[in-house]
There are 2 protein chains.
Amino acid sequence: MSQFAGRDAVAPAVMVPDFPDLPEATVSRLPEYLRALHQLAQLGHDTVSSEALATAAGVKSAKVRKDLSQLGSYGTRGVGYDVDRLVQQIEQVLGLSQRRNVAVIGAGNLGHALAGYAGFPSRGFRISALVDVEPARVGERLYGIPITHLDDLAATVAAEKIAIGVIATPAGAAQQVADRLVGAGVKCILNFAPCVLSVPTDVDVRSVDLAIELQILSFHEHRRTRSALDGVTDGAVPHPVSHTPARKVV
Amino acid sequence: MSQFAGRDAVAPAVMVPDFPDLPEATVSRLPEYLRALHQLAQLGHDTVSSEALATAAGVKSAKVRKDLSQLGSYGTRGVGYDVDRLVQQIEQVLGLSQRRNVAVIGAGNLGHALAGYAGFPSRGFRISALVDVEPARVGERLYGIPITHLDDLAATVAAEKIAIGVIATPAGAAQQVADRLVGAGVKCILNFAPCVLSVPTDVDVRSVDLAIELQILSFHEHRRTRSALDGVTDGAVPHPVSHTPARKVV
């Protein structure tokens, strides 16, 4: 029932998956579209224009059309895209028709927050395991999820069919935890520890460093403050400075 | 003492800050370099090659050289970059020489995790305020930070000189909180709620949606699994598939 069956028929026989080899930037926007589409569906919309979808997802409409055309979805002029069909298609491409089990390593504050995050189950993920090294924590349950010891990681990964490992430990422990996840056969890692992980090329790592997000915001705040000050020292009236898009240097 | 005083001298008189208008992609990599440089300094390194900095920051060395050349840093052939000087320069560009105060709105699990995150103070940020609407929470202290009521947000922002607001509420409350932050004069927002915020053009928003990070990883896991299956159905031996870089579609 693949949407891309025709593609498979003409493609080389070996190792061609039933969805296209999408650019990374498109892949990273598909979850945004999916979130917006689910909201639209809840509000009773059957169809959506590329403009409305763009606004809901926070991108430009031309980008929406280009991204979706790469999935083979072109919409209907004057009508837009069928919401249900597009949801199914994006979920298929992202592999969300099958629920993925997640292990969170580190049952501290961040581990608590992740384990209790209500948004995961509805979006294709189940936190199936919490892992720690603190004797006081191991054996406890958090939101019904048992906390197991890091030394038992391989057994936990096998028993719970873990597809994704989330590292929520201090930076000093992160590489060792990554090595153990890789050793247990986990190929996808989401890293919250503020450090760069070294992993084999067939393992995917995404990193979320909270201080880095703040530092990027700090740049904009700094630029804005300086611009306003420059205005003052030049005798101009201080006023909020709206951003020009970052200049592209090629 | 600006590194870019020469630039200012030839630039138009009004509203030109003392650092260049960097591309957004470069800005987002500067904190990675900074983190790597701090680690190198701790290990006793005085200088660093672009290759070593690239490895530590998880990017390509050509990108490091290009990014840093935009700050006016070219390094010395055979020696590399001066670590201390580069740290100072990046901190100046990011506006980290001045510590920025952060308010976290939502004192639930994620708010707890953020308030207790040890990495912020050393990287230029201080969580100065926690804000909630739960009567049971308001008035409490968390890691020494008082929890104030959302209704008092404007007073809190003024009293604590808040530069950045972090939204750690459920999605349903996020837009209202963003409106209140904007109303209180906050121009930088880091949003953890899974929704797109609508803000004036002079306000910067960065979003971290944890489920979206997992969904992007899911795509890679899905592609890997499918590729291995295709290998099996074609009679080939299943083996891990190493990623080719995402194909660029123009």
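Cβ atoms here come from the backbone N, Cα and C positions, even for glycine.
Within the listed segments A:32-71, A:72-111, TrEMBL records DNA-binding region for the stretch A:32-71. Same-chain residues lying 6+ beyond the ends of the DNA-binding region (A:32-71) with a Cβ under 8 Å from its Cβ atoms: 3, 19-20, 22-23, 26, 79-84, 86-87, 89-91, 93-94, 96, 123. The least crowded of the binding-site residues A:Gly108, A:Gly111, judged by other CB atoms within 10 A of its own CB, is A:Gly108.
Secondary structure from DSSP puts A:Gly108 (NAD(+) binding site) in coil.
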